[in-house]
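The feature signal peptide is assigned by TrEMBL to 1-22. Per TrEMBL, the feature transmembrane segment maps to 132-154, 210-232, 252-272, 293-314, 357-378, 385-408, 428-446, 458-482, 505-528, 549-568, 583-605. Annotation comment: TrEMBL describes 203-603 as domain 'Acyltransferase 3'.
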Amino acid sequence: MKLNQILFFFIFLLFLIPNSKQDPQTCYNEILDVFYYRNASHSSEMIEASSFKYDDLGNFDECYALTKEEIAKYSLISVDMAGVSVKIGVCFPFVCSQDDLYAISPELKLFFNLPSDVILDFQVYKKFALDWRASIMITTIIILVLIGIIGTIIDYQYFVDKEEKVNEKNNSVQNPKWMMILKQFSFILNFKQLTQEHPQSIKFLNGLRVISMLWIMLGHTYSYTLDIAGIINVSSIVDIFRRFTFQIIPGAQFGVDTFFFLSGFLVSYLMLKKMKQNNGKFVNLWKFYLHRYIRLAPTFTFILFFSYTLAPYLGYGPNWEFTRDFLQTRCQKYWWTNLLLINNFHPRWENQCMGNLWYIANDWQFYVVSPFIILIFFRKKIFGWITSLSIFIISYILSVVISSHYSLSPSILGPGIDDYYTYYYSKPYCRIPTFLIGICLAVFITQFDIKKFKIPRYLKFSLALVASFFLAISVFGTYSLYKDDKLDVQESKIDWDHWSKPEKVIWISFSKSVFILGVAIFSFLFLSGNLVLVNDFLSSKIWIPFSKLTYSVYVLQPILIVVVIGSFRDSIYFSGLSISKFYVFNVVAGYFFAMIITLIVEFPFSNLQRLLLSR
């Protein structure tokens with residue numbers, strides 16, 4: 001048979017094979033039979049399980065029962081109202097696929113009496129079973145717990161008990177290396193580490209870490225609830241944001257800058273101190289970078305793959321498809337960017353795997369350049385200050401140009417928030433000033449013995465007043481941004497973002513540095529032995545264990561929040577009281593699960609890297 005005859009034969013077969021792709025009109029006809037003519041089987045149950053109102057999720061469980069019988073499919077319709085998402089839960093016929101619903105969205109807008117210019121997004125709930133990836137994650141957790149138990153037994157039998165006997169006999173006992181390795185996983189050792197503080201640590205930083213973390217969790221609780229949950233009173237969201245006191249919530253982003261400041265301060269303080277002790281000998285960069293990566297990687301890798309493999313099976317509900325997209329779909333594509341710590345550059349913000357890990361990537365990138373800045377300071381102070389000033393100026397110029405070019409707005413209402421996070425918020429060249437302020441403070445206090453500073457009372461009061469003003473203007477300055485907002489859900493219109501372009505550019509470029517300047521002034525006062533009452537409060541021993549859980553809490557808490565919100569069966573009334581209840585639960589559950597991760601992952605691997613790299 002010739003080639004042209006073979007080709008003709010296959011083309012002929014293609015015409016004989018029926019097209020498996022369903023006509024969307026079939027889906028629409030079924031919808032009409034169920035909801036308009038009401039002559040389909042189970043019409044009454046499907047209508048009862050569906051909602052035809054804004055932010056009413058319908059009856060998920062009733063529709064889910066029909067899904068098991070392949071009669072219906074629960075779908076959450078997200079309607080983009082000028083940047084604010086409202087949701088409608090509908091129990092569609094089982095024959096309707098997600099592609100069908102997108103194809104007939106113009107007809108559905110008419111059916112649901114929605115404005116023709118709105119964008120509809122469909123999330124059709126799908127049944128899914130535990131797969132091999134989840135099984136591997138469960139096995140990994142079990143292995144880590146078992147190693148921890150074995151390490152605890154070895155620690156108690158061969159180290160804790162022997163140490164008491166050794167102290168009595170005043171001699172040493174050598175144990176095999178494999179015992180030393182397993183000991184690092186001991187719950188006894190790691191729990192002691194959790195509750196004990198290094199004698200040379202700067203104590204007020206413990207309270208500052210915990211308060212900053214609680215603030216970030218408060219902001220995340222509100223923002224994730226706003227993004228994921230169905231909200232009954234969606235039209236009154238802007239009324240809540242217009243309150244003066246509510247500015248504390250969007251102001252939670254400054255908590256992250258506090259961590260940048262602390263990172264810059266501590267790495268510089270410890271490195272300068274070590275270089276002085278070693279007669280100016282520079283650090284081993286290979287060990288420095290490896291130490292930092294091993295300090296960061298095990299915890300975020302464990303939680304990342306937990307999010308990707310096991311967390312999607314921890315619940316189900318009307319919002320679960322969005323939750324699963326956040327936990328699994330994005331990570332399935334972009335998990336490698338997190339491991340390489342470049343996730344703040346690729347992909348865009350709305351597609352990032354575990355979006356909160358942008359901070360970890362920035363922190364790592366700051367650590368990469370920090371030794372060189374510190375070395376310049378150590379060799380020649382004036383060149384260090386010139387270098388720092390140059391970096392400040394370059395960063396501010398870039399922030400001004402970027403925020404102006406993309407017309408960015410700091411408002412978390414409206415459609416421009418993804419651009420704000422993508423082009424400015426997650427970029428190291430825009431965020432390095434707060435890290436650099438920490439470096440500068442560390443250089444200043446190591447250059448001078450600030451505890452011998454005798455600060456006059458009037459100057460102490462003036463500095464505290466200036467620092468308080470910097471903090472207040474940064475947090476509450478957005479009041480004028482939201483106070484005139486108006487939202488009309490029916491007309492798909494939101495009147496938002498009343499600042500002029502110069503006001504937005506100035507705020508975006510400089511507000512974070514102003515806030516951290518306030519934190520730095522207070523830190524200086526604490527370090528110099530002033531503001532004793534506040535210093536004692538932040539230095540209280542009660543903060544120690546919570547401070548040491550900060551890293552695990554930060555990485556874990558968004559997963560916990562979206563899993564709980566994704567399991568909500570009904571729309572919620574968005575108010576300070578309702579979100580506060582949810583926030584308290586997030587804090588308690590977040591620190592509890594973070595403690596488990598710290599004991600089985602973070603501390604053991606941190607102990608191992610110290611044990612191995614010290615040799």
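For all residues, glycine too, the Cβ spot is worked out from N, Cα and C.
Keep in mind that what you see is a predicted model, and the values were worked out from it rather than measured.
Sequence-distant contacts of the transmembrane segment (583-605) (same chain, at least 6 residues past either end, Cβ-Cβ under 8 Å): 141, 144-145, 147-148, 151, 184-185, 187, 190-191, 193-194, 214, 217-218, 221, 294, 298-299, 302-303, 545-546, 548-549, 551-553, 556-557, 560-561, 564. Under 8 Å from some Cβ of the transmembrane segment (132-154) lie the Cβ atoms of residues 179, 182-189, 302, 305-306, 308-310, 313, 599-601, 604, all in the same chain and six or more residues away from its ends. As a quick check, the transmembrane segment (505-528) and the transmembrane segment (252-272) clear the bar of 3 or more Cβ pairs under 8 A, pairs 6 or more apart, so the two touch. Here the transmembrane segment (293-314) sits against the transmembrane segment (549-568); at least 3 CB pairs are under 8 Å, leaving out pairs fewer than 6 apart in sequence. With respect to Cβ pairs under 8 Å, the transmembrane segment (210-232) is most closely packed against 549-568, considering the stretches 252-272, 357-378, 385-408, 428-446, 549-568. Highest Cβ pair count under 8 Å relative to the transmembrane segment (549-568), across stretches 357-378, 385-408, 428-446: 357-378. Note on the transmembrane segment (357-378): residues 256, 259-260, 263-264, 267-268, 271-272, 275, 280, 282-283, 285, 288-289, 292-293, 296, 300, 304, 338, 341-345, 349, 384-385, 387-388, 391, 421, 425-426, 428, 431-432, 435-436, 439, 443, 554-555 of its chain, located 6 or more positions outside it, place their CB under 8 angstroms from a CB of the stretch. Proximity of distant same-chain residues to the transmembrane segment (428-446), defined by a Cβ-Cβ separation under 8 Å and at least 6 residues beyond the stretch ends, is recorded for 257, 260-269, 272-273, 276, 344, 361-362, 365-366, 370, 373-374, 377, 381, 384-385, 388, 391-392, 394-396, 398-399, 402, 512-513, 516-517, 520, 523-524, 527. Long-range Cβ contacts of the transmembrane segment (385-408) within its own chain (Cβ-Cβ under 8 Å, at least 6 residues beyond either end) map to 373, 376-377, 416, 419-420, 423-424, 427, 429-430, 432-433, 436, 439-440, 501, 504-505, 508-510. Mean pLDDT across the domain 'Acyltransferase 3' (203-603) comes to 91 in this model.
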